[in-house]
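Asker: Sharing a structure below in structure tokens format, with a few things to ask.
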Amino acid sequence: MELNKFDALQIGLASPEKIREWSRGEVKKPETINYRTLKPEKDGLFCERIFGPIKDWECHCGKYKRVRYKGIVCDRCGVEVTKSKVRRERMGHIELAAPVSHIWYFKGIPSRMGLILDMSPRALEKVLYFASYLVLDPKETPLLKKQLLNEKEYREAADKYGEESFEAGMGAESIKKLLQEIDLNQLSEELKENLKTSTGQKKVRIIRRLEVVESFRKSTNKPEWMIMDVIPVIPPDLRPMVQLDGGRFATSDLNDLYRRVINRNNRLKKLLDLGAPDIIVRNEKRMLQEAVDALIDNGRRGRPVTGPGNRPLKSLSDMLKGKQGRFRQNLLGKRVDYSGRSVIVVGPDLKMYQCGLPKEMALELFKPFVMKKLVETGAAHNIKSAKRMVERVQNQVWDVLEEVISDHPVMLNRAPTLHRLGIQAFQPILVEGRAIKLHPLACTAYNADFDGDQMAVHVPLSVEAQAESRFLMLAAHNILKPSDGKPVCVPTQDMVLGSYYLTIDKDGVKGEGKAFTNVDEALMAYQLGEIDIHAKIKVRLEKEIDGKMVSGIIETTIGKLIFNESIPQDLGFIDRSIAGNELLLEINFLVGKKNLGGIIDKCYRKHGPTKTSIMLDKIKAKGYHYSTISAITVSTSDMTVPPNKGELMSEAETAVEKIEKMYRRGFISDDERYERVISTWTKTTEKVADALMDNLDRFNPIFMMADSGARGSKSQIKQLAGMRGLMANPSGKIIELPIKASFREGLDVLEYFISTHGARKGNADTALKTADSGYLTRRLVDVSQDVIVRNEDCGATEGFEVSEIKEGNEVIESLSERLIGRYTSEDIIDPTSKEVLVKQNEYIDEDKAIRIEKVGVKKVKIRSVFTCNCKYGVCAKCYGMDMATAEKISMGEAVGIVAAQSIGEPGTQLTMRTFHTGGVAGSDITQGLPRVEELFEARKPKGLAIVSEVSGTVRIEETKKKRIVFIATESGEEVSYDIPFGSSLKVKNGETIGAGDEITEGSVNPHDIIRIKGVNAVKNYLLSEVQKVYRLQGVDINDKHLEVVIRQMTRKVKVEDSGDTELLPGTMIDIFDFRDENKKVEENGGRPAQARVSLLGITKAALATDSFLSAASFQETTRVLTDAAIKGKSDPLVGLKENVTIGKLIPAGTGMNRYKNIEIDPLVTETNADDENFIAEDKIEG
């Protein structure tokens, strides 16, 4: 079967004929392997005649051996001479003596069998498991069809009317008869008629029945196939039996389950042949039914069948389910060849695009390439001798390896891969030892450190794979973060400290005020020890500007001169158009971590990735060198306790004593006392910290480390030398006894004990958070994985209105931040001069965005993913700029997965806690990760706000017991809301309020917003609420990533009135399919269907996708497959997961059809090319 040739995959029920057609023979005996000869038993579960030979090209009896007998069927033992691999694909079958039901269709929720027969699952169970009789045909008797009779009632009826006068039965045979009688078309018509007149629960039941009936009607499935006469037996190599060293056998659970079925089936056959009494046969049939149930889905009904040690056996369903199931273990993530892993160590001398690969690892990974090269160069005569040379590690092998490796990028990956920068490509450099060397600037992206982390190496094999690795994945090209477009390769720690040390200046040091004729002379003076690196000096500089040599004297320091050597001098930090600025150094300020980020950002936007990566390497080298020379180190004498600490302490203690006195006299409540004590100590801690900071010298090493952003923070310095302050107890409540000591002074026993609470809670939180955050990422990926940039422009005219996001008076996200990298949806006009700032469908860059904000425009309509008209994926115009390259997005970019990763990756940085506001009930605000999850799952939030359903004027009445808010609408009617005790009101008397606005403080239920205000309002709400959570934690995520996910949550509509369409009321359907259906009907003059947009949580939305493969590999595998099989669903394979599952190239990036037929011309390059060459920005030519 050619993998890339088919376009869709269909699933359906298997008919008995189909199962027999798949099968190579019937399994008649429960035997597996003969324990003496260790050969499979004939007609057993491992029979060679049915499933194929155990050894390649060898039949069971040994009459035919060797390849030359290929395809012959042995006349003695009946085994075909072929490869043993066929035992992975050949199936068998078991002919059942009595039909049995398939547990998925009878027991699943809702029971499909029950719905189509209009019987309750309870009644069905009684019939199937031989507890009751079912009337199949009452004939002339007063009995009803499908009536249940127990043993006693059946006897009485038989005596009363005679056994032949009506037909009743039990077990799957009876159900099968009923299913065969069903006329789907007629049933469908009847149900549709009934639907028109029914209401309430009855209507819901009819719709659910109709769904099942329509599924069968539209697919090729027949209802009676839910009952099985034949059971397929999966190939033996998929349920292996292996001998352990002790001579015992280990076997797959499936073999036990199959054996039970075969045993019971054979016993039933025998009983039927003997004509055993009805009750015994019935019991045996029930046991057969139970055995088949256990085989298909053990534990779904009743107690599961257990193996040794009371462990439930793994059935066929369990083989698909969960993390260890077929989907997630073997199809979505496979182990690959040409890979290895080792510990990482730092490689400070590497270039940005290089990594160090241990020699022995490289030899093993590149073995085939080395062998080929050895034969080509004539060092070995054939592949076999080349292999021998490599295995014996002869000397010339190393030279060949060097050559092979020189142009061959490798990919490094560190688990957990939280975003796409967790896999990057590097050019390997052979190193001694057994550790991989990693460039220090690549650590941030990988979140790696060198305390024992391990990383995996993968070798891209084909020319195409190598090209993609080099042009798209090379570390030197991945300088920006895809989530917010800021640089990810910002130097850290020592490098920052070195840069800070270089650019700081000091008064009154050796050589201050000296002047030098040029930079070289100044450097020489520094090297000879004549001047200090921080001394303010004058230097004469020369520079060619517009073909003229300009010279002049500037004031600077040696450090700044050295630092500026590695920085391009045209980044725009200095306005060169002003006279006298032409010669100034570009970086003439103190450089900390923040400023470094700005320098890299400007360099990238001005000069592109290649120059930036070269600059980064220079900054790295200088940073390490000068942080070493500076000898900045930490000692206890650097932590000076502020002299006025004692004074501040006694002040605070007096204040607290005063508060306690007031409480004891009954002036204030206990809650108030607690709040006041806490605030007193918080203020005191702040005062001590300020006193400490004022007291510190600018050149204090600890201060330098914190100020530069290399390590540590103000709060840590406060704890070292000020006071530790207030701590929280395990429940998150603040303990009112502060820790007065600092680490410099040392903690006493009680203080130490109090501070352990917080530390332990921090550790527990982190562990829980990681799992929660990972699961959130997984759901996000699943809901948005098929969003790919598929068109250039969808032609959407409707835009999405954005304005700044505020929380109270604080701007969380400014308008310009929201506009950069987007296209406009209509002209943007200056409110004062009325000139057009940006035309419709024009790209907004940073300058335009800032200008729009400056002239006072408050709201702008932009092209957004929300309003994109593409049925699959999005278009480039609606998406805008690719954050990772700062250019327009290219076709085929997997923006859905990038969005999911950008939201999920910072998840671990969010807090877990629910803030308790001093024990007041009902006002706990969920924040951090749980809040994000609550929003994306569209759950009813904790701490619900009461929302007004109408617009009008507010009137508040307060009685002794409660407050009531009345809202008078324009039409004169009043709506009242009871306000629960303890909620704070957001509205005042006489205010006007809009529909959907909050009356009390708290979070709004998004389902209320979509109901009252509509779909755009809910999109806006979700977007700004998620942004608030992330921004409060200091995490920047671009809006477009959230838009992609929220769009997936609002893609489905719920049909309310089906009009003249085929749609059923109450069903969920994709908004684009819904429009198509209506268009068809309207063209023929019919009445269109009515529907309203549904808001689905990400889990629901991921399960509601068109692709059953994607949904089944996500969650609730059996439920998804049951549903898909009945509908005879066809998977169009448009998303990424489906294609990975079946092993096709993913339809994103170069796997898109438009890129499929590109030929790659092998470039002939000089080996050991310069840096610029390896990271050159060639693009793959179309």
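Positions of Cβ are set from backbone N, Cα and C atoms, glycine also.
Given the structure is predicted, the values throughout are model-derived calculations rather than measurements.
Heads up, here are the entries from Swiss-Prot:
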- CYS59, CYS61, CYS74, CYS77: Zn(2+) 1 binding site (BINDING)
- ASP449, ASP451, ASP453: Mg(2+) binding site (BINDING)
- CYS794, CYS868, CYS875, CYS878: Zn(2+) 2 binding site (BINDING)
Asker: May I ask for the distance between CYS875 (Zn(2+) 2 binding site) and ASP451 (Mg(2+) binding site), taken between their Cα atoms and rounded to an integer number of Å?
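Answerer: Taking the Cα atoms only, CYS875 (Zn(2+) 2 binding site) lies 44 Å from ASP451 (Mg(2+) binding site).
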Asker: Rounded to the nearest Å, what's the C-alpha distance separating ASP449 (Mg(2+) binding site) and CYS77 (Zn(2+) 1 binding site)? Just drop the number here, would you?
Answerer: 63
Asker: Relative to the mean position of the Cβ atoms of CYS59, CYS61, CYS74, CYS77, the recorded Zn(2+) 1 site, which additional same-chain residues have Cβ within 8 Å?
Answerer: GLU48, HIS60, GLY62, LYS63, TYR64, ASP75, ARG76, GLY78, VAL79
Asker: Please list, in sequence order, every residue of the chain apart from CYS794, CYS868, CYS875, CYS878 whose Cβ lies within 8 Å of the Cβ centroid of the Zn(2+) 2 site.
Answerer: ASN791, ASP793, ALA796, ARG863, VAL865, THR867, ASN869, CYS870, VAL874, ALA876, LYS877, TYR879
Asker: Out of the binding-site residues ASP451, ASP453, CYS794, CYS868, CYS878, give me the one sitting nearest to CYS77 (Zn(2+) 1 binding site) by CA distance.
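Answerer: With Cα distances computed to CYS77 (Zn(2+) 1 binding site), the winner among ASP451, ASP453, CYS794, CYS868, CYS878 is ASP453.
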Asker: Quick check: in three-state DSSP terms, what is ASP451 (Mg(2+) binding site)?
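Answerer: The three-state answer is coil.
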Asker: Give the sequence-ordered set of same-chain residues, not counting ASP449, ASP451, ASP453, with Cβ within 8 Å of the centre of the Cβ atoms defining the Mg(2+) site.
Answerer: ILE344, ALA448, PHE450, GLY452
Asker: Report, in whole Å, the straight Cα-to-Cα distance of CYS59 (Zn(2+) 1 binding site) from CYS794 (Zn(2+) 2 binding site).
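Answerer: Cα-Cα, rounded: 62 Å.
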Asker: State which of the following binding-site residues has the fewest other Cβ atoms within 10 Å around its Cβ: CYS868, CYS875.
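Answerer: It is CYS875 that, of the binding-site residues CYS868, CYS875, has the fewest other Cβ atoms within 10 Å.
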Asker: Of the binding-site residues ASP451, ASP453, CYS868, CYS878, which one has its Cα closest to the Cα of CYS61 (Zn(2+) 1 binding site)?
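Answerer: Result for CYS61 (Zn(2+) 1 binding site): the nearest of the binding-site residues is ASP453.
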Asker: Which residue, out of the binding-site residues CYS59, CYS61, CYS878, shows the minimum number of other Cβ atoms inside 10 Å of its Cβ in this structure?
Answerer: CYS61
Asker: Distance check, please: Cα of ASP453 (Mg(2+) binding site) against Cα of CYS878 (Zn(2+) 2 binding site), rounded to an integer number of angstrom.
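Answerer: ASP453 (Mg(2+) binding site) and CYS878 (Zn(2+) 2 binding site) have their Cα atoms 41 Å apart.
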Asker: Have a look at the binding-site residues CYS59, CYS74, ASP451 and say which one has the shortest Cα distance to CYS878 (Zn(2+) 2 binding site).
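Answerer: Among CYS59, CYS74, ASP451, ASP451.
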Asker: So, in DSSP terms, is CYS875 (Zn(2+) 2 binding site) helix, strand, or coil?
Answerer: strand
Asker: I'd like the Cβ neighbour count for ASP453 (Mg(2+) binding site), meaning other Cβ atoms within 10 Å of its Cβ, all protein chains included.
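Answerer: Total other Cβ atoms inside 10 Å, all chains included: 17.
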Asker: What whole-number Å value do you get for the CA-CA distance of CYS59 (Zn(2+) 1 binding site) and ASP451 (Mg(2+) binding site)?
Answerer: 56
Asker: Going by DSSP, is CYS794 (Zn(2+) 2 binding site) part of a helix, a strand, or coil?
Answerer: coil
Asker: Among the binding-site residues ASP449, ASP451, point out the residue whose Cβ has the most other Cβ atoms within 10 Å, with all shown protein chains included in the count.
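Answerer: Max Cβ neighbours within 10 Å, all protein chains included: ASP449.
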Asker: Could you say whether, by DSSP, CYS61 (Zn(2+) 1 binding site) belongs to a helix, a strand or a coil region?
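Answerer: Coil, per DSSP.
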